[in-house]
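Annotated features, as they stand in TrEMBL:
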DOMAIN    88-202  domain 'RGS'
TRANSMEM  12-35  transmembrane segment
TRANSMEM  47-68  transmembrane segment
């Protein structure tokens with residue numbers, strides 16, 4: 001539980017894990033004292049071992065193992081050297097470990113739709129054959145999640161770009177969709193990340209490195 005104090009979790013899992021740990025320990029002690037107090041007086045050593053083993057196993061299951069499985073941040077692997085330029089931002093978006101850290105920060109400031117959209121489009125284009133995108137289902141999923149008006153994670157793009165993407169979706173090519181279908185939307189989202197999210201992220205990393 002002491003280690004959980006230093007864990008910064010955007011989903012607030014730390015609080016839930018702490019509550020589970022405390023309630024389990026209190027319940028276990030209460031149950032033992034109520035039902036087996038007289039028996040414990042005779043066999044206290046066996047019960048003491050049982051209690052210790054149970055608490056340790058619960059701690060490993062609900063605290064140690066989830067923390068061990070969490071994504072490793074760039075700070076844990078190498079020294080992060082923040083530089084405010086577009087090349088650095090694009091490098092972060094392409095690196096799996098740094099991207100996860102940047103995505104978690106975007107989630108904390110309620111702007112994660114931008115990082116998710118840009119990365120999904122990057123992966124879509126990387127896995128597509130020029131000059132078309134043959135994965136039509138993924139194109140539709142990206143549109144429904146990020147571009148469609150009033151969608152759950154609608155990105156902040158201009159109406160003309162939104163209309164352009166909608167028209168392209170309604171008029172696919174025979175082989176698939178144009179490879180540049182989301183390019184203008186990606187440019188506007190990248191501009192948002194570069195001028196809003198990225199500076200705040202760098203300030204956050206600089207603060208941690210002080």
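Cβ atoms here come from the backbone N, Cα and C positions, even for glycine.
Annotations in TrEMBL come from automatic prediction, not curation.
Under DSSP, the residues of the domain 'RGS' (88-202) split into helix, strand and coil as follows: 79 helix, 4 strand, 32 coil.
The average pLDDT for the domain 'RGS' (88-202) in the predicted structure is 95.
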